[in-house]
Amino acid sequence: MEVTINPTVLVVNCGSSSLKFAIVDPASGEQYLTGLAEALGLPEANISWRFGDAEKQKDSLASGADHTAALTYLEEHILEGKPELMKSFIAVGHRVVSGGELFTHPTLITDEVVKGIEQCIPLAPLHNPAHLLGIAAARRLFADLPHVAIFDTAFHQTMPAKAFMYPLPNELYKDHAIRRYGAHGTSHYYVTCEAAKLLGKPLSETNIITAHLGNGGSVSAIKNGKCVDTSMGLTPLEGIVMGTRCGDIDPSIVFFLIDTLGYSVEDVRNTLNKKSGLLGLSGKTSDFRGVIEGLEQGDEQCKLAFDIYCYRLAKYIASYYVAVGKVDALIFTGGIGENSMPMRSTVLKLLEGFGFVEDEAGNAAARFGNSGLITKAGSTKSFVIPTNEELVIAQGSAEFAK
Ligand code: AMP
């Protein structure tokens with residue numbers, strides 16, 4: 001007997017050498033399948049996947065397999081013998097890092113839209129070309145389905161000019177679109193909607209600060225349900241301390257590195273993007289768990305990395321009181337935000353002046369995918385809310401289902 005399942009969206013998130021996929025029910029959020037193809041273009045190309053909570057499976061792909069090969073494997077092998085899943089697709093949703101000023105909402109992909117995503121390549125030089133590979137492959141393989149682009153930058157397009165403009169010569173914005181765009185928009189949007197539910201308020205009256213803290217990280221100011229400021233800028237290098245990215249620094253450091261230390265532009269790019277942040281400060285690891293381990297073993301550099309991370313994060317959150325006004329709640333999400341009790345505890349203490357009082361039991365309980373209130377009664381509220389970017393992509397794409 002054939003099993004029937006609800007309509008689903010195939011969610012695709014391509015990196016230059018990876019392809020993450022999920023089959024998601026946009027109504028319930030249930031993920032029937034999740035998987036990842038890695039090392040694409042290399043001899044060790046491989047793919048792993050899991051149906052629901054079943055055991056993870058893994059296979060090698062042909063040496064040098066590309067994005068098309070990974071999606072073909074999904075269609076021909078992983079979904080083989082699962083006609084109910086194949087038949088359940090109503091759309092394919094593609095995560096796209098930068099839509100610049102061109103795209104402010106989920107967008108049905110046409111040849112014209114592909115050109116728009118190409119135009120935004122200078123704003124996301126590592127990501128957008130990879131997304132285009134995935135889009136081209138998926139449009140060929142799933143030609144009968146609507147393909148929809150969901151942009152990380154879209155949620156931030158409501159920022160006013162005073163938040164998105166840099167104090168640079170005007171023509172750099174007018175002629176070259178140099179401005180702040182932000183990132184992680186789908187995550188900030190998801191936790192904003194969830195926070196509104198937890199606060200019992202309509203989205204249009206929800207005033208919060210959201211901290212998405214993963215390998216990359218950003219903080220957003222949300223006023224009346226809309227983004228009014230965010231910490232990432234033209235690219236994801238601006239803002240808080242990240243795994244390997246420096247976040248905010250004096251731009252003159254770039255001149256110092258080039259003029260005094262003889263760095264090439266590529267050396268500077270590499271240092272600020274790949275060798276800084278937690279990795280640079282700890283001298284050991286870009287992984288927050290590693291920093292905590294080091295700190296617990298008395299490693300001074302890990303302790304300093306942790307302190308700088310929390311201090312700079314708390315300063316960003318404090319500054320967003322200017323953007324939001326009266327704040328209903330502070331939200332933590334992302335791998336670090338959802339799991340690191342010591343980080344949350346330290347940040348809440350630094351923000352004591354804004355009325356935050358940690359509830360230690362609540363903070364300890366909010367881990368491993370649990371959401372919860374982590375502040376005491378009478379305190380300004382702070383919640384942990386596990387993010388769900390796949391669901392936002394699935395829901396945005398389902399709007400275009402035939
Ligand atoms: P993401 O990019 O959202 O997957 O987050 C990755 C980051 O989350 C890494 O820095 C991890 O070390 C961190 N992370 C994951 N689990 C934990 C945990 N239990 N405690 C602290 N950090 C964690």
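Note: Cβ is positioned from N, Cα and C throughout, glycine not excepted.
Predicted automatically and left uncurated, TrEMBL annotations should be read as such.
According to TrEMBL, the features are:
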type: ACT_SITE; residues: Asp152; note: active site, proton donor/acceptor
type: BINDING; residues: Asn13, Glu389; note: Mg(2+) binding site
type: BINDING; residues: Lys20, His212, Leu213, Gly214, Asn215, Gly216, Asp287, Phe288, Arg289, Gly335, Ile336, Gly337, Glu338, Asn339; note: ATP binding site
type: BINDING; residues: Arg95; note: substrate binding site
type: SITE; residues: His184; note: site 'Transition state stabilizer'
type: SITE; residues: Arg245; note: site 'Transition state stabilizer'
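Feature annotations (TrEMBL) mapped to structure.
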{"residue": "Asn13", "record": "Mg(2+) binding site", "Cβ within 10 Å": "23"}
{"residue": "Lys20", "record": "ATP binding site", "Cβ within 10 Å": "17"}
{"residue": "Arg95", "record": "substrate binding site", "Cβ within 10 Å": "22"}
{"residue": "Asp152", "record": "active site, proton donor/acceptor", "Cβ within 10 Å": "26"}
{"residue": "Leu213", "record": "ATP binding site", "Cβ within 10 Å": "27"}
{"residue": "Asp287", "record": "ATP binding site", "Cβ within 10 Å": "16"}
{"residue": "Arg289", "record": "ATP binding site", "Cβ within 10 Å": "12"}
{"residue": "Ile336", "record": "ATP binding site", "Cβ within 10 Å": "26"}
{"residue": "Glu338", "record": "ATP binding site", "Cβ within 10 Å": "22"}
{"residue": "Glu389", "record": "Mg(2+) binding site", "Cβ within 10 Å": "20"}
- prompt: So which binding-site residues out of Asn13, Lys20, Asn215, Asp287, Ile336, Glu338 are up against ligand 1, CB under 6 A?
  reply: Asn215, Asp287, Ile336
- prompt: So among the recorded sites His184, Arg245, who's got the most Cβ atoms within 10 Å?
  reply: His184
Message: Long-range neighbours only, meaning 6 or more apart in sequence with Cβ under 8 Å: which ones does Asn215 (ATP binding site) have?
response: Met242, Gly243, Thr244, Ser286, Gly335
Task: May I ask for the distance between Leu213 (ATP binding site) and Asn13 (Mg(2+) binding site), taken between their Cα atoms and rounded to an integer number of Å?
output: 19
Task: Please name which of the recorded positions listed here, Arg95, Asp152, Arg245, is nearest in space to Ile336 (ATP binding site), Cα against Cα.
output: Arg245
- request: In whole Å, note down how far the CA of Lys20 (ATP binding site) lies from the CA of Asn13 (Mg(2+) binding site).
  value: 5
Field: the residue listed as 'active site, proton donor/acceptor': nearby binding-site residues from Lys20, Arg95, Asp287, Glu338, Cα cut-off 10 Å
entry: Arg95
Task: Out of Lys20, His184, Asp287, Arg289, Glu338, point to the one nearest Glu389 (Mg(2+) binding site) in space (Cα versus Cα); all of them are recorded positions in the record.
output: His184
Message: What whole-number Å value do you get for the CA-CA distance of His184 (site 'Transition state stabilizer') and Lys20 (ATP binding site)?
response: 16
Field: Cα distance (Å, whole number) from Arg289 (ATP binding site) to Arg95 (substrate binding site)
entry: 27
Message: To the nearest Å, how far is the Cα of Glu338 (ATP binding site) from the Cα of Arg245 (site 'Transition state stabilizer')?
response: 20
Query: For Arg95 (substrate binding site), what is the secondary structure by DSSP, using just helix, strand and coil?
result: strand
Field: Alpha-carbon distance [Arg245 (site 'Transition state stabilizer'); Asp287 (ATP binding site)] in Å
entry: 12
- request: Pop the Cα-Cα gap between Arg245 (site 'Transition state stabilizer') and Arg289 (ATP binding site) into the table, whole Å please.
  value: 17
